[in-house]
Each structure stands twice: as C-alpha cells, then as structure tokens.
Amino acid sequence: MEPPVLAFTLWIFAFLSVPAAGYPNGKVREACSSMMPRHEHSPQPSPEHTISVNETEFRPGDHIKVSLSGPVFEGFFIQARNAENLAGPAVGSFMLAEERISQLLTCGLCRHATVVEKYKIFWVKIPGPVISQPNAPPLTTPTSITPETLPTSQPVFHLTKSFNASGCGITKFCIRNPPKCDPGTAYCFFLSFKQNNHSVLIEMSGPSEGYIAFALSHDQWMGDDDAYLCINEDHRINVNTAYLSGRIPPVLDSENGLEDISWRLADGLVQCSFRRNLRLPSYKGRFNLDANYYIFLADGEASEGGLIHKHHRQPLITNGMYNVTDSPKDVGGSRSPLLLKLHASLMFVAWMTTVSIGVIVARFFKPVWPHSLFGKEIWFQVHRMLMLTTVLLTSVAFILPFIYRGGWSKWAGFHPYLGCTVMALAIFQPLMAGFRPPPHAPRRQVFNWVHWSTGTTARILAVVTMFLGMDLPALNLPDPWDTYTMIGFVAWHVGIDILLEIHSYCLIRKVEVIDEDRIQILQSLTSAEAEGHTFKEIVLTIYICGNIAFLITFLAAIHQL
C-alpha cells in the first residue's frame, strides 16, 4: 500500500470508529438486577417460551431440574427469586446440565428467564412456576415494594483486629498450620472452636485471595461432609454452609443457622467468625458438633460474584478424629496422606541416591575395584546391591498409592502411567542381567547396549515422573522451589558424570605416544584407568555427599507437609 493511501485509511479508521464495550466470556453482571440484555433495544411484549420444573416443593439442599422450552433461541438468562419479593436479589444456585452450551453467573422461589431469539428480538423476565417449602406460610403478593417489606437477615459485623491463639489448648480447640503459628501472620492457617453452653464460637483465618473453608468428615475422603466457607466476594466476606455430597462443587445453602457473623480482610488474610448451636436438626446437612470428626481446612480461588473454584492443593486434614467440644487441644494436620508421603520418600531414595551411585560405580570403577569379594569383583557387588535395593524400594513405593486410593487414580495425570513404565523397566533390568552372556560371547555386546539403554530410559522417565509427582495435589511440594531443586540435582549428576568422562579421556591420552605417524599404546586401558583411582574415589565421595544433601532436602520438605 502506498504511503498516502495508508495515511488516508488510518484517518478513516480513527474518525469513524466508535468505542464498544464487549463481554468476551458472555457474563454480563450488570444485568443481574434488571435481567435486561445490553442490546439497546426494547423487549418483546408477549413471551413465547416457558419455564418448567420437576418439583413444586423443596427442602433446603434439594436439587430441582429447571427446563426452558419454546422456539429456537440464541441465549438465555435464568434466575430464581423470592416470590414475595420479585424486586429482590437472586436466591439459590444452579448446576449446569450441559457445560458446553451454558455457564454460570453469580448474582448474589419463583423463577424468571430472559430469552434472546436474535439480537433485536428478546423477552425479559418471563415468569416461571412457584415452588415452595412444605408447611411454609401461604404466598402473599405485596401491593408495593418498600424498604420495610424487604426480608431481614442476620447482622454481619466487621472484625477490628486479628484473631489470637492465646487460648489454644486451654480454653478452645485449635488447628494450626504450620504448628504453633500466629493467626495474624501471612502464612498461618488457623481454625478454633470455643464452646459456650449450647453453642460454639468458630474462628477461621488463612492467606487467600478467594476463600477459606473447613469441613467435618467421618473419614479422610471428600464426600458426605458438613462444610463452612468464608468467600471473598468483591472485597466483602460472605459466610456460607454447604453439604459436600462428593468430589463436585458445593451447593451453598440458602439458610445456614449461623449467628454473630463477623469478618475481616487485611494483609492478604481472610478471617471470619460465627456462632452455631451444637445441634441444628432443622438444617439438612449440619452435623452435631459434639461428635468425633476428621477436620479439613482448605483454601482456593473465587471468581467475580463469589463463584468458588476447586482448591489448588490438598486440604489440611487432621491426623485423627476429634470432638471439638471435648477437652481443648492445639493440633496440626497434614496436607499429604502418610502413605503418599512414604511413596514419595522411597522413590526419592531409590532414584536420587541408590540408582545414581550404582550407575556411577558400574561406569567408572571397574579398574578401581577389580579385586574379588564373595566370588565377584567389588565394583560388581556394590553395583548389584544398589540396583537390587532400587528395585525393592521402587516395588514397595509403587504399591502404596494403590493401597491409599483403593485402585487407580483418575486425577493424577500422566504420573501413574509413567510410574508403571518405570516399575516395569526396573523389574526387567535384573531379570535381563540374570541371563547376560559371558564376557567374550558374541552376544555380550548386544546385551551391554540393551542393558545400558533400558537403564538409561528408566532413569530419565523416573526423573520426569518425579517432576510431575511433586506438583500433584496430594503432595504439592513448595513451588517453584521443588522444580529448581530437582533441576539442580539433575545438573549435579550430569556434571559429575561429565567430569569423570573427561578424567578417563585424559588418562588415555597420557599413555599415547605419537611416533612417525603411528600410535603406540604403552599401557593397557585398564591399567591407565587404575592410575586415577584416588581422584575417582574422591569424586565419588563428594558425589555421594551431594546426593545425600539433595535427598535430605526433599525428605525434609515432605515431612513438613
């Protein structure tokens, strides 16, 4: 394009363009109250679509199927509202029947719908059927809506200062992570229960930009749990309850029976407190507090409107079942189950220490330790012992996740698939070694290459598997520290390997004499290698110390989970 034409085109765009406000994700929160599409056109007078439900009565926690039917349309917006206060906010929550063609919009039981057939053709607030609670007062339609007719709720107060742990183990039951941490600090997760006659005051605090929550459970698995959530919604905390029926997003209760609700947002901490009675028989899904439970403490992200997302790491779970109304205690918990911590620890020992040292010994120490021990060379005995130890540790560690999960894990990504491959290769290596040909047999060279390639493949896959496993929710070592430390270990091993290779090459060069365009080997390769055995033993000692340092670092991190 010529410069004058280009300049004229840019001028046209600059003066004829107009600003436009778009909603790329389709969520128009500004329409929550009016339910009016931002299409700059008026709605149609007579609706052509209908709303139907499969139940006309409900109890708190029930699920009701809502269907929208009529002529073909391009979009819809459905809300549930109080039938006696249609101008009030939306109530309840929805679960999607088909996530590919619809999505949720949090705006905050008679139902309304807005249906868009085309951009200029739409209907607003199409009325739906009324559903009611059994034994509820009869529906009355107010003639006018004034501030006096709006429903009232429990008052919510603002906390003026952070919680403290001074009464933990003395006057109240506390859970803290890390142990003994101060709930006013930016890294402390804190939960306390203090009984007062027939009610319990609950305080919860933790670093989060979204929500913090705890749940009472009869086991250490998510499902059939009584949950309490403090959700940061537009810099305001909403305290909700929910019954967790399984590994699905919780459905927040419209009524929860909580009293004296207070909250605070400061220094990256979400803090909330509330009181509830020991027993709430009229609220479905609320457990009695005077019983033994495992206690979960979780945190996660919340999007605009208070919609919560799955916690990005394993919840903190108490190591045993506790009665929070019994004698006061100050306990901790773990974000990783014991069996999975043992699994990770054994794998680190096997594939960071025993196998690495065993490979170094077999590759570089044949001429250094050639003497016989129990009928075999010392280097071979050390190599075989370390490799069999690797197979044993890997086999034990391999079984532990299956015991914990009770089968295959569908949420661990590629980690279990690669782990099974490593386990198969680890077993195949000693079986193949048992059938190795004699040193000078024709097939010995083939065996050496297959044995080396299988072992190298197993080690590479093991490192990749450990990289993936470190960030799984059930372990989730501190990130990015874990990645950098593992990269450091790989660099350490490769660096030592290259150093020993260079050393071996230099020894060979020392015994070569160039004489009239021919090379005369004055010493054998074996004796030349043996000359540097002191240097190799020093390097091996340093290498073992470095490996143990990396190993202790990872084991200490696992212990802290």
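Every residue gets a Cβ built from N, Cα and C, even glycine.
Summarising the annotation, TrEMBL assigns signal peptide to 1-22.
As annotated by TrEMBL, domain 'DOMON' applies to 185-300.
The domain 'Cytochrome b561' annotation in TrEMBL covers 305-503.
Packing against the transmembrane segment (344-365) from elsewhere in the chain are residues 336, 379-380, 382-383, 386-387, 389-390, 393-394, 396-397, 400, 455, 459, 462-463, 466, 469-470, 475, 489, 493, 496-497, 500, 504, 536, 540, 543-544, 547-548, 550-551, 554-555, 558: each is 6 or more residues past its ends and has a CB under 8 Å from a CB in it. Feature annotation from TrEMBL assigns transmembrane segment to 344-365 (among others).
Here the transmembrane segment (385-404) has long-range neighbours at 337, 339-340, 342-344, 346-347, 349-351, 354-355, 357-358, 361, 416, 419, 422-423, 426-427, 429-430, meaning same-chain residues at least 6 beyond its ends whose C-beta is under 8 angstroms from one of its own. Feature annotation from TrEMBL assigns transmembrane segment to 385-404 (among others).
Non-local neighbours of the transmembrane segment (416-435) in the same chain are 387-388, 390-391, 394-395, 398, 401, 408-409, 447, 450-451, 454-455, 457-458, 461-462, 464-465, 468-469; each lies 6+ residues outside the stretch with a CB under 8 Å from one of its CB atoms. Per TrEMBL, transmembrane segment is recorded for 416-435 (among others).
Residues of the same chain lying 6 or more positions beyond the ends of the transmembrane segment (447-469) and with a Cβ under 8 Å from any Cβ of it are 344, 347-348, 351, 355-356, 359, 413-415, 418-419, 421-422, 425-426, 428-429, 432-433, 436-437, 475, 483, 486, 490. The transmembrane segment annotation in TrEMBL covers 447-469 (among others).
Taking Cβ pairs closer than 8 Å, the transmembrane segment (481-500) reaches residues 352, 356, 360, 363-364, 463, 466-467, 470-471, 536, 539, 542-543, 546-547, 550, 553-554, 557 in its own chain, all 6 or more past its ends. TrEMBL lists 481-500 (among others) with the feature transmembrane segment.
What TrEMBL lists as transmembrane segment is 538-558 (among others).
Per-class residue totals from DSSP over the domain 'DOMON' (185-300), listed helix then strand then coil: 0 helix, 67 strand, 49 coil. Averaged over the domain 'Cytochrome b561' (305-503), the predicted model has a pLDDT of 90.
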